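**Q** Take a look at this one; I'll ask things after.
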Protein chains: 2
Amino acid sequence: MSRTRTPIGRQVESDTVNVGEFRFESGEVITDMQVAYEAYGEFTGENAVLVCHGLTGSQHVAGRGTDSGVSGQASAWWSDIVGPGKAIDTNEYYVVCVNVPGSCYGTSGPASEGPDGEPWGTDFPPVTVGDWTRAQRLLLDHIGIGRLHAVVGGSVGGMNALDWAVQYPDDLDRLVVVASAARLDPQCLGLDAIARRAITTDPNWNGGDYYGEDNPNPEQGLGLARQIGHLMYLSKDSMDRKFGRRSAGRGGRGDAYPADPAAMFFPYREVESYLDYQAEKFADRFDANSYLYLTRAMDDYDLAEGYESDAAALSAFEGEALLLSFTGDWHFTTEQSESVAEAFRSVDVPVAHHVVESDHGHDAFLVEPEKVGPPLDAFLIAGVEGRAVTDTASDGGEPDSETDFAPVHSSLFSR
Amino acid sequence: MSRTRTPIGRQVESDTVNVGEFRFESGEVITDMQVAYEAYGEFTGENAVLVCHGLTGSQHVAGRGTDSGVSGQASAWWSDIVGPGKAIDTNEYYVVCVNVPGSCYGTSGPASEGPDGEPWGTDFPPVTVGDWTRAQRLLLDHIGIGRLHAVVGGSVGGMNALDWAVQYPDDLDRLVVVASAARLDPQCLGLDAIARRAITTDPNWNGGDYYGEDNPNPEQGLGLARQIGHLMYLSKDSMDRKFGRRSAGRGGRGDAYPADPAAMFFPYREVESYLDYQAEKFADRFDANSYLYLTRAMDDYDLAEGYESDAAALSAFEGEALLLSFTGDWHFTTEQSESVAEAFRSVDVPVAHHVVESDHGHDAFLVEPEKVGPPLDAFLIAGVEGRAVTDTASDGGEPDSETDFAPVHSSLFSR
């Protein structure tokens, strides 16, 4: 390869762009939508890859050791996967990651400045995953990217990626949906609803108006919301391994949350210590109103909305799709990914559903790069025929007794 | 049978007994421990069955249509299982159910009157499952019951029942542990810890001092704790069936929890409506400090505490044991019950682990009486040889490939 390789530090673009007037799915309009993004690598015209971040992630997807200026995100969220020589190789691809509307890392959201010079707060329009996709499209237009080689997203970022195949089916060749689903199940909807109530019942939330210097942030409520979220990302097995029932020692008890005197008779366990630490760390880096807005966008997302079925929604997509799921993930289950795979198969989109054996829970897509990288890398290069890519329809991964006798799905790969 | 059968209404005893000085496991002592109980049926000397209630349950286990005077418990919690002609037949057995220390249905706890005439609040001593067992023993002594035919308990009541076999192994012939475990796993410990933080961060909790007439109760925090608990009792499948992603209609939105204006763009879903309703109902009937105390007792319980292993803890028990578990239960899993069964087997206690196929989650033990009743009934009559009782060691219910070829456990049933 003749392309000049430059050190990662010199390849990072980090900017915030005013894409002008933006009409939200709700019908509300803001006049100056700011969109923050980072980009890595060199654009050759055909090598752009958009990476969609998860719920509380940011545009700072890669670039270990570089200071992005993104609060609390000094360590990029997917630097094990995105970077020079990594699965999404920034020596090969021009990788763009965009902070979504409603978030708090530079793109317009509740904490950013409204028309009156004060933070929007809860006057910011409601945000949907569809709004994220359209803001990303505007940003890409602005920086001169038309067609994308691929859109890749994990968790709710995977919903965002699916939405690309629905809203802009001609704009991408390949779609990678990691640990995601066509819609949340009611168990997760319930947990998200409880998390939001933990925020809105914190008196410091104050109806969403807490941005003044004299006002304390709703740290306890936001921390509780994060603790609920964290448990959704872990599995029983990973928690057994990480914490067991071990005591963190009485000295370890933090002061983030009040307790009654009787609590002192019982151990302060490692699992509590971990959750309390995560709560404090998160409250320092994330905006409580953004957490309300983004969880609602996630809860609201439904691939089939406006269509007769998931398959109908995906039928205009002419590229190839990879679904990655993890056996220990109860937030976004392998069954949910299989259901999306079936939808693709039914409309003759070449798809592979690669199931990763893991007991890490939803976190697996972040913490097991050695299992995520190879199929992702291979798919970006060679599509569903990539060497490290497996598929449930051909490997018997689905507990479908029919497949033992008749490979009923294999013909669906021919278009 | 010649015994006179009297209508259930005339068979119910309901009383609160002062069992005198009580020393808690913590070492703290209170001088007048009140213990509230109900009893059903006629005591013949050998037919007493103690039923242990779950976390927020009460002594009002049976007696549909009778007014127990137990707040919010007009409908008894296990009347499908306990009553005349039911699996625990009050025409045959003298059934006793005792409200546990730390609770709020008549037995001493944080909300009951302390030595100064005011509610104890958080000055009430810390409570353990071991304290529950000893208080039950004192109550039974008081009402003239020595040896028990059986102790039966569900959920944390199953831990309470297990503790009977450890503390008073000679006092019971049969032990029934329903949807329970030797100890909570760290996922449940984490969820319980979050639930407690939701209570203690409610400003109305006020350090546990909210009993005065002018003080509002910490209803929002207690409601959130209950919502977390409720999700632990349900399964993904049961929630799919109950709620799906259906909207409850905008008119259905309650006012128990504040929301920001952007929320109005999105549906108020049935799952949220259900959780909000459960929160309000629960806050009306339960004491927030009791919720702190009782979840801590549950979290703290460890069958092996003070012993080398679960098996060593159970080795003095000379009766028979039945474990009932439910395939859809992720709060107390079938694997956890199997582990307790293995402990019994290893010390040659006749045991059956009867696994119920159910997608109802932890709630199954309450809502599927047609599956719970037959093995329970049969076990109380005939022990592990009861006709409707199955066992994982003999029915291949365990996914252990060895059992396909060698019934390795069957010899353990011979003593």
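First residue shown is number 1, and so on along the chain.
Glycine too: its Cβ is placed from the backbone N, Cα and C atoms.
Unlike curated records, TrEMBL annotations are generated automatically.
Marked as active site, nucleophile by TrEMBL: A:Ser155. Residues or ranges marked as active site by TrEMBL: A:Asp329, A:His362. For A:Arg226, A:Asp363, the entry in TrEMBL reads substrate binding site. The feature domain 'AB hydrolase-1' is assigned by TrEMBL to A:47-369. The annotation region 'Disordered' is assigned in TrEMBL to A:390-415.
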**Q** Could you give the Cα-Cα distance between A:His362 (active site) and A:Arg226 (substrate binding site), in whole Å?
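**A** With the alpha carbons as reference points, the distance is 15 Å.
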**Q** Which chain-mates of A:Asp329 (active site) that are at least 6 residues away have a CB under 8 A from its CB, listed by sequence?
**A** A:Ala179, A:Ser235, A:Ser358, A:Gly361, A:His362, A:Ala364
**Q** Taking the Cα atoms as reference points, how far is A:Ser155 (active site, nucleophile) from A:Asp363 (substrate binding site) in Å?
**A** 9
**Q** Long-range neighbours only, meaning 6 or more apart in sequence with Cβ under 8 Å: which ones does A:Asp363 (substrate binding site) have?
**A** A:Tyr233, A:Leu234, A:Ser238
**Q** Based on DSSP, name the secondary structure state of A:Asp329 (active site): helix, strand or coil.
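**A** For A:Asp329 (active site) - judged by DSSP and reduced to three states - the answer is coil.
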**Q** Taking every residue in the domain 'AB hydrolase-1' (A:47-369), what is their average pLDDT?
**A** 95
**Q** Let's check the environment of A:Ser155 (active site, nucleophile): how many other CB atoms sit within 10 Å of its CB?
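**A** That number is 27.
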**Q** What count of other C-beta atoms do you get within 10 angstroms of the C-beta of A:Arg226 (substrate binding site), across all chains shown?
**A** 24
**Q** Hey, what's the Cβ neighbour count for A:His362 (active site) at 10 Å?
**A** 26
**Q** Tell me whether the residue listed as 'active site, nucleophile' sits in a helix, a strand or coil according to DSSP.
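**A** DSSP call for the residue listed as 'active site, nucleophile': coil, neither helix nor strand.
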